[in-house]
Every structure is written in C-alpha cells, then in structure tokens.
C-alpha cells in the first residue's frame, strides 16, 4: 500500500533524481519494487530504445516504458458530442415529450382560463384566475435553481420519475377540485412544480449529444411545447361537453402519463458534469450583458404571456367569434408557434440567436397592439397565426442567447437556472396585471390589456437590440 501512495505523491520521471551508486539504487528498488520502471538516469539513456542495466529496466527516451505501470493509466476526457445517431435523436424525442408535458400544458391554459371565466366551477375575477396559470408557469422556470444541482449529482432517473408523478397527480387532483383555492394548489402548485422539475432535463440533456446542430436539435425538441398546446386544448374542448370537466382533466392526465414514460425509458446522462454547480452565483450579476439580458427577458415575458392567457376569452367576450372558434384559436396559435420554435432556431445556427431575437420581439409586440383593431374572424385568426409564430421565437431563442453570452460553459447551468428564475417573475406577474387592467365582466378594458402586453414586448425588442449592440457592436457578425 505504501509504495503506491509514494508513487502517486512523488513520481520519478526524469533525470533530476539521480541515484549516487548502484548499492543505493538496489536498496531503493528492494524497498519500493513497484517504482523500478519509473527511475530514469540521464547518463543511462543512450538511445530511444529501452534497455537494462544492472538488472534494472530503463525506460525509453520519451519517458515511457515498454510496460507502463498500472497506476499510469491516462485520464480519459469525454469525447465530443456525436451530433447525430439513433441514441442522440432518441434524446431529442425524449426532450420533445418533456416539452409536450411542460410548456405544452402551460400553452393550453387559455382554454382553462376561458372555462373558469364561465363560472361553472367557481366564480372569481379574471386577475385571480390568471394567478393559477401564472404560478404554474413561474414554477416551471424557477424550479431549475433547485433541481439543477440535483441533476449535476446524476439523479436523472429520480428527477424524471418525480416530475412525471407530480404532473399526473396534479391533474388527478384537479379533476376533484370545486373551489378556487383547490385549483390553485392542484394546477398552480403541484403541476407547476412537476413541470419545473421536468424542464431541467429538457434543456440540459440535448447539448450533451449535439454541438454543431444544437440549435436545430433544441428547436425540434422545443416544438413539443407547441404540439402540446395543440393537442391538449382540442382534447379539453371536445371532452368538456361530453364527459364533463373532471373526466376531461383525467384524460389529459392519462395522456401525460403515457407520453412521459418515453423520456423515463430512453433518456440517460452521457457525461456527468465535472462539478456540482451552485444554485445561485451572485458573481454572474457582475456581468453587465448577462444581467441586462435577464432583465429584458423579464419584461418580454411580462408582455408576451398576455396573449397566452386572454386570446380565447377576448375572441368570445368581445363577440368576435363563438365559443367553438374561440377555443380553437389556442391550437391555431400554438400550431404557428410550432414553426416559430423550429425555424428561427435553425437559422440561429448560421446567423446567431441575438440577431433574430430583437426583431422577433418587436414584431410580436406590434402584433399584440394590432389586437385592438381585430374585430372580425379573419383578422383575429391572422393575428393569432403571426403572433403565435413570433411568440415561439421569443420563447425558443433566449436559451441559445444565454449560451452565446456565457464564456465559461461550466457556469452555464447556474446562469440559466437563476436567469430564467428571475425572468419567470415576468410570467408570474403578466396574467394578474393584465387581468387587473381588464376589470370585471360587463366593463372590460381590452384596449388597456393589449396596450400593456404590446408595449412591454415591443420595448423588450428594442432593449434586446441594445444588448446585442453593446456586446458585439454594429458589425453584421454571427451573434
């Protein structure tokens, strides 16, 4: 045991350690027999070939012996991501299903908002109803601060299993709710926590398998949120009148149970992070561009999420469409978002994400302002399609921007976790503030609601552009 410790602490690999005579040399070898292959004497190395003198095997000139010591195994660094292959694309599929049951469920909240506004389950204000979806969406973004270090310790299977259980359990409990506070607990807290736990492997695993095509892979994975926003609203609308709210919600829970089994089966950590990241690192806020980007994202989320909550309710309450078409505006919006999450991400591999995020935010804010002038079915459908596409870009590009703004990639997990937790405050406040502006039924201020959402999103687009210019200048480079 002792010779091994000696070898690890004082490796003898060059001529600086020269034995005085053969007697001392033999005594040393007898005492530490396992170091005999490591002793080098400059005067005894006439050529690059290994040889033997006085019974001691000499190493080659390059410092290696014919039979290296067992303790001399080289450290193997993880190779680069495969950037393709069956296993890599299976992880994209797994991440797709996680997005399907995290952001996909959040994107369907407009249908719940419209149903709760009817008063069939409980009666409360629009602002109070918005708190349900806002809490869930905020927890989706904020839970990464807690779950990130657990993921770094290698507990992927535990994270996936616990998150899937919470999402399914939350839906089963929601089906039993009859009061507002019960819905806040089941849908806002339980489903929100489950979605937040699952969101960490959504973002963290795909970069382990892709590098050059990372934007494309993440775009395809993120499109699962758009598909969830198409499927779940249609399922709810078709089943609410036929089997009622409780069983309609249970069906959604069973769909989540089936689809969440896929990532549990196929997803594995390719490499474990070399060190456990900090939950919060205050030094990151000394990076001006990082801090500015996070605060601008908070403002962007404060504005863009207004349309997620109030699009179907606006169409029906303002008399633009009937109940059926108002409900289908949610899947229409999310169908356009499907392309908004994939196409800009693919372009970002060539142009850079910062170059796309600013114009996407400006256009999205302009479209929200145009909602004030949408008083026909055709107009509101067109705006829903365009706004859905731009909102997809506005949500899909920030993770890539944070990657671009991070020089030391070992801190990326911490920067993303705490960054999205802060930006998530915009999601938390968006619906309730918009609901307070809207007011009670009978005296709805839709112009104020759309002005609030549009101005916040439009200004964030301008500020995104200023962050880009401050970081990279006016040069037309990939950024």
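Note: Cβ is positioned from N, Cα and C throughout, glycine not excepted.
Quick look at what TrEMBL annotates:
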type: COMPBIAS; residues: 59-76; note: compositional bias 'Basic and acidic residues'
type: DOMAIN; residues: 87-471; note: domain 'Major facilitator superfamily (MFS) profile'
type: REGION; residues: 39-77; note: region 'Disordered'
type: TRANSMEM; residues: 88-109; note: transmembrane segment
type: TRANSMEM; residues: 129-148; note: transmembrane segment
type: TRANSMEM; residues: 155-174; note: transmembrane segment
type: TRANSMEM; residues: 180-207; note: transmembrane segment
type: TRANSMEM; residues: 214-235; note: transmembrane segment
type: TRANSMEM; residues: 247-267; note: transmembrane segment
type: TRANSMEM; residues: 288-313; note: transmembrane segment
type: TRANSMEM; residues: 325-344; note: transmembrane segment
type: TRANSMEM; residues: 356-374; note: transmembrane segment
type: TRANSMEM; residues: 380-405; note: transmembrane segment
type: TRANSMEM; residues: 417-438; note: transmembrane segment
type: TRANSMEM; residues: 444-467; note: transmembrane segment
Range from 155-174, 214-235, 325-344, 417-438 with most C-beta pairs under 8 A to the transmembrane segment (247-267):
155-174
Using a Cβ distance cut-off of under 8 Å, indicate which of 88-109, 214-235, 356-374, 380-405 has the most pairs with the transmembrane segment (325-344).
380-405
Output the single range from 129-148, 214-235, 380-405 maximising the number of Cβ pairs under 8 Å to the transmembrane segment (88-109).
214-235
For the transmembrane segment (417-438), I need the partner stretch with the highest count of C-beta pairs below 8 angstroms, choosing only from 129-148, 180-207, 214-235, 288-313, 444-467.
288-313
Beyond the flanks of the transmembrane segment (356-374) by 6 or more, those residues with Cβ under 8 Å of it:
300, 303-304, 306-307, 314, 320, 344, 347-348, 380, 383, 386-387, 390-391, 393-394, 397-398, 401, 446-447, 450-451, 453-462, 464-465, 468
Same-chain residues at least 6 beyond the ends of the transmembrane segment (444-467) whose Cβ lies under 8 Å from its Cβ atoms:
289, 292-293, 296-297, 299-300, 302-307, 310, 314, 317-318, 354, 357-372, 394, 430, 433-434, 437-438
Would you kindly check 129-148, 214-235, 288-313, 380-405 and say which stretch has the most C-beta pairs under 8 angstroms to the transmembrane segment (180-207)?
129-148
